[in-house]
Amino acid sequence: ARASQIVAALAVSMCSYCVGNAVAYTSPALPSMTNENQTHFSVSPQEASWVGGIMPLAGLTGGICGGPLIMYLGRKRTAMMTFVPFIVGWLLIANAAAVSMVLTGRTLCGYAVGVASLAMPVYLGEVIHPLIRGVLGLLPTLIGNMGMLLCFVVGSFTTWWQLAFVSGAMCIPFFVLLMLVPESPRWYLASGKTEKAANALARLRRQDANVSDELKEMVKSMGDVTDTPSCKELFQKKYCRAVSIAVALMVFQQLSGINAVIFYTVMIFDLSGSTIDSHLSAIIVGVVNFMATLIATFIIDLAGRKMLLYISAIAMSMTLLVLTAFFYVKSNGVNMSDISWVPLVSFMIYVLGFSMGFGPIPWLMMGEILPSRIRGPAASVVVGSNWGCTFIVTKTFQDLIGEPPKLFPLSHQSNARLFLRSDYAGAHGAFGFFCFICIMAIVFIKLVVPETKNKSLEQIEEELTGVAA
């Protein structure tokens, strides 16, 4: 029954909801956490910085650990295991009596995010039929963005500890849904369990479908994968192209500056002269993020992966170029009050462009293009590169623009002046760098990235490795 594939996509999507929730948490939570009237322990600016910064570091660790876990325990079981660190992490934050408990909770949630962001795309890529893999493959990103949006909305009228309780409760649905779906047939084959693989595939396809041909194709393409692949195999010539593309897409995704730009949403709104409330601005960003991914979900199997990546990279390049010019002119003392709306409009188009392509598609393609033989360790490298770049960008952006590690309030004029200081790279330098990366991404898409629309994983692997399925 195809319904099983939908349930599998929903289960993975609810896990992705928890990931989005954990990523977005600091934006609405830190203002109340650093407010002495709402917190019975003190949080220094540096500690507040680490409440956000420690999560991608823990995500890097989770990404590295996730590869062996999905190989030995299975894709589904690994995703289910993230429930424990998620719940414990949120409970530690919600009941925190000191900032150390918050940091420990964020570390556990970050570890779960790292493991989940590896296990989910691999599982979904392996269980969904090629003809609907685009639509259902983007569903987790769509629901993940909904998790971010609802975190912003709930955070606008709750305190940091109340928001943590709500976030923890939302982890229960994905665990329940995952119990209802089978393990990946490809993992069963890799474990030498052919009968279980056939049963799992039969549960995931229509009741009248003949799964024997699909199973034979899987067996043929996988060959002898019951032995454990070595790390050296990742660097074999036949696997090099697939792994390099997956890593490069993740690096481009993060070096486009999305996390740094979202981190400074409030400051960009403030610099533009807008009077919009900071919570409302975050909600607007969340809505744009969600709507753009919704559009991509409907058109990905018509337009294809490459076309959406092109649109995404071009939109980001153009808006970053405008932002670079705007802040460069402003840093030279020119009064820009008459066009103070430019950063707002540019920022919204930037987020729209990112969310239609470079946000969801690198994760979708990771589950599609990594060869079955090395999928576990290769996914570790890919996810590790993503979270490593996330940490580097969010931490170095402050140094690049000359912003000290004082997060709140971001709206002080002194902070705005620091954001534009010319003895650092300044805002224009940072946005210029991100623009250059997006232009490089356009070239990379044109020359290297394959189209995977409507192709089976075996066809994609043959195309990328040159080994016939």
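First residue shown is number 1, and so on along the chain.
Note: Cβ is positioned from N, Cα and C throughout, glycine not excepted.
What TrEMBL records for 4-453 is domain 'Major facilitator superfamily (MFS) profile'. Restricting the average to the domain 'Major facilitator superfamily (MFS) profile' (4-453) gives a pLDDT of 84.
Marked as signal peptide by TrEMBL: 1-24.
Listed as Cβ neighbours of the transmembrane segment (48-71) (distance under 8 Å, sequence separation of 6 or more from its ends, same chain) are residues 22-23, 26, 29-30, 33-34, 78, 81, 99, 102-103, 106-119, 122-123, 187, 190, 228, 263, 375-381, 383-384, 386-388, 390-391, 394-395, 405, 407-408. The transmembrane segment annotation in TrEMBL covers 48-71 (among others).
Look at TrEMBL and you will find 83-104 (among others) tagged as transmembrane segment. Within the chain, the transmembrane segment (83-104) has long-range Cβ neighbours (under 8 A, six or more residues past its boundaries) at 18, 22, 33, 40-43, 47, 50-51, 54, 111-112, 160-162, 164-165, 167-168, 171, 174-175.
For 110-128 (among others), the entry in TrEMBL reads transmembrane segment.
Residues or ranges marked as transmembrane segment by TrEMBL: 135-155 (among others). Packing against the transmembrane segment (135-155) from elsewhere in the chain are residues 5-6, 9-10, 12-21, 23-25, 27-29, 120-121, 124-125, 128, 163, 166-167, 170, 279, 282-283, 285-287, 289-290, 293-294, 296-298, 300-301, 355, 359-360, 363-364, 367-368: each is 6 or more residues past its ends and has a CB under 8 Å from a CB in it.
What TrEMBL records for 161-181 (among others) is transmembrane segment. Among residues of the same chain six or more beyond the transmembrane segment (161-181), those with a C-beta under 8 A of the stretch's C-beta atoms are 4, 7-8, 10-15, 17-18, 21-22, 25, 28-29, 76, 79-80, 83, 86-87, 90-91, 93-96, 105, 127, 147, 151, 154-155, 203.
The feature transmembrane segment is assigned by TrEMBL to 242-267 (among others).
Here TrEMBL flags 279-300 (among others) as transmembrane segment.
Same-chain neighbours of the transmembrane segment (307-329): 252, 256-257, 271, 296, 299-300, 336, 339, 342-343, 346-347, 349-350, 352-354, 356-359, 361, 420, 426-428, 431-432, 434-435, 438-439, 441-442, 445, 449, counting only residues six or more beyond its ends whose CB sits under 8 Å from a CB of the stretch. What TrEMBL records for 307-329 (among others) is transmembrane segment.
Annotation comment: TrEMBL describes 341-365 (among others) as transmembrane segment.
With a threshold of 8 Å between CB atoms, the same-chain residues lying at least 6 positions outside the transmembrane segment (427-449) that come near it are 241, 245, 248-249, 252, 255-257, 260-261, 305-306, 309-310, 313-314, 316-317, 320-321, 323-328, 331, 358, 365, 397, 400-401, 419-420. Taken from TrEMBL, the feature transmembrane segment applies to 427-449 (among others).
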